[in-house]
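Shown next, in structure tokens, is the structure this report addresses.
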Amino acid sequence: MSEEKKDTGAQARSTGIVSIAILCSRVLGLVRDQLLNGLFGSAFTGIFTAAFRTPNMLRDLFAEGALSTAFVTTFSKKIKNEGDEAAWVLGRKMLSLSICFMSMVAVAGVVLAPYLFRLLTPGLSEEAKVLGTWLAQIMYPFIAIVSVTALVMGMLNSKKVFFIPAVASAFFNLGCIVGGVVLAWVIDPGFRTGNITEKGLTGFAIGTLIGGVLQLAIQLPSLKKVGFRFGLDFGWKDKGVSDVLHLMWPSMLAASGTQITVLLNSIFASYTPGKESSLAWLANAQRLQQLPLGLFGVAVATVTLPMLSRLATEGITPAFRGALAKGLRLVLFLTLPCAVGLSLLGEPIISILFEHGKFTAYDVKMTAGPLQAYAFGLVFYSAIKVLQPAFYTIDKRFVPMLISIGIIVLNVVLNYTTVFVLKWDHTALSWATALGLAVNFSTLYLCMRKFAHGLETRSLVQALLKLGTGILFMGAVCIGAQNTVLANWAEMNFLTQFITLSLTIAVAAGVYFLVTQKLRVEEAGEFLGILTKRFRRKA
């Protein structure tokens, strides 16, 4: 077996491990959102979502974006060229710098929260702005915690430890849920009697900080096990630190394109007819997009980046192109069926997950529209997660940055036109986001194809044609179910709804997998092999 085959096989296996870990986190994240929507309703959930928007944006940016990408790229090269000890020194210096700088950012966020929240939600009522400001001030220290967590995760990934960093985010959501419920019960007297008020949101805001601490703490024993020695090092005049920072700022601008788009959506959504509720409807739809995005897009990117960083030290070789193309094929294989499923079965999925307590059937319909748009954007978003970091490994860091700036401008124009000129509702904002993702990926792909002198495009197109055949059969199953077993959805009890929807999803996924396997899609065979090994071990 060639080295390239070994690498791509390991890539698929590691992706499976990370996906399982992220699944735990995303499921708990859904539970957290179910609690917020069911206990407080869409309006108050929208205010909480807006308050957490900036800290959460920085979480995505650092934990799954700029800092992690820049650090892993530099750290992996440091290990290969200078050895582990030099890499650990860099890790200590970056941890010290991050603690100092991001603590100042957190303090600034607390002080400026009254202005920032009003800037991001100008269309909300004054009462909503006061509550949102208070919640944001509680949650801003999360920024300092998550920046340290991102570096710890990066060091573990570079040492090929993937499961613990991925599953650590489950502890974040667990802290949010348990801490939030317990503290809400203490803070809000109505929580104990069933007359829940907005006071309970303070408990969930504090629970966010508890979750952040848990996410960091769970990774520290593994970091020590791989050889890291904890300590502060303020010798920041270092080439490694300089390399990380030089990579980081264009990477931050590039990775922030989607995050800034989400912030812009908050601003424009506050002017739509739904006001506070629009924020919750968009956030709930995005949460469902993030489940497969985290399971597959982030998982593939997490495994692929350290591999590309090591391969890039030898230039853009066939092995580099092969690893990147493999990552893109994996993403397509895994996210295309998720996108189609979310689009065709969106309403029953939302109903099962969220239609409880104060979340009504009307909220289901208002969430289903944006979900279709986000489902369309899912494939492009996941592919961007794999493709964008590859530019930093070959020292083309400004290309994604410039593309992201263009996408932000495009989204501003589309959002303004749809909300203020055409007077459309919040669903239009999600379609503008999805269109921006499609343009972003297409431009990145064409640029990387040029820089890499080819990107196995023929094999990618061949894979797409085979996957498209599988999607047609899967779509037929979903549409058939809509017109038969799911046709009387509103008349079913919850258990019948759950069983019927679960069977529909299982059959549709099974059909897709069988068709792609029969068509000899390489990734289908690899995942079958992984599953077979798992079951043999258990047996």
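The backbone N, Cα and C atoms fix where each Cβ goes, glycine too.
Database features (TrEMBL):
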- 95-117: transmembrane segment (TRANSMEM)
- 137-156: transmembrane segment (TRANSMEM)
- 163-187: transmembrane segment (TRANSMEM)
- 202-223: transmembrane segment (TRANSMEM)
- 244-271: transmembrane segment (TRANSMEM)
- 291-309: transmembrane segment (TRANSMEM)
- 330-354: transmembrane segment (TRANSMEM)
- 374-394: transmembrane segment (TRANSMEM)
- 401-422: transmembrane segment (TRANSMEM)
- 428-448: transmembrane segment (TRANSMEM)
- 460-482: transmembrane segment (TRANSMEM)
- 494-515: transmembrane segment (TRANSMEM)
With a cut-off of 8 Å between Cβ atoms, can you find at least three pairs linking the transmembrane segment (137-156) to the transmembrane segment (428-448)? Only pairs 6 or more residues apart in sequence count.
no
Which residues, given as numbers and ranges, are at least 6 beyond the ends of the transmembrane segment (95-117) yet have a Cβ under 8 Å from it?
50-51, 54-55, 67, 129, 132-133, 136-137, 140-144, 147-148, 151-152, 232-234, 236, 241
Non-local residues, at least 6 beyond the ends, that sit with Cβ under 8 Å of the transmembrane segment (374-394)
64, 69-70, 73, 247, 251, 254-255, 258, 285-286, 288-289, 292-293, 296-298, 300-301, 304-305, 308-309, 311-312, 316, 324, 327-328, 331-332, 334-336, 338-340, 342-343, 346, 400, 430-431, 433-435, 437-438, 440-441, 444-445, 447-448, 451-452
Contact yes or no, the transmembrane segment (244-271) and the transmembrane segment (401-422), 3+ Cβ pairs under 8 Å, gap 6+
yes
By Cβ distance under 8 Å, which residues at least 6 away from the ends of the transmembrane segment (291-309) in the same chain are close to it?
7, 11, 14-15, 18-19, 22-23, 25-27, 29-30, 64, 69, 72-73, 76-77, 157-158, 160, 162, 165-166, 320, 323-324, 326-327, 330-331, 334-335, 338-339, 342, 378, 381-383, 385-386, 389-390, 393
Sort out for me which stretch, of 330-354, 428-448, 460-482, 494-515, has the most Cβ pairs below 8 angstroms to the transmembrane segment (401-422).
428-448
May I ask for the residues of the chain that lie six or more residues beyond the transmembrane segment (460-482) and have a Cβ under 8 Å from a Cβ within it?
325, 328-329, 332-333, 336-337, 340-341, 344-345, 500, 504, 507-509, 511-513, 515-516, 519-523
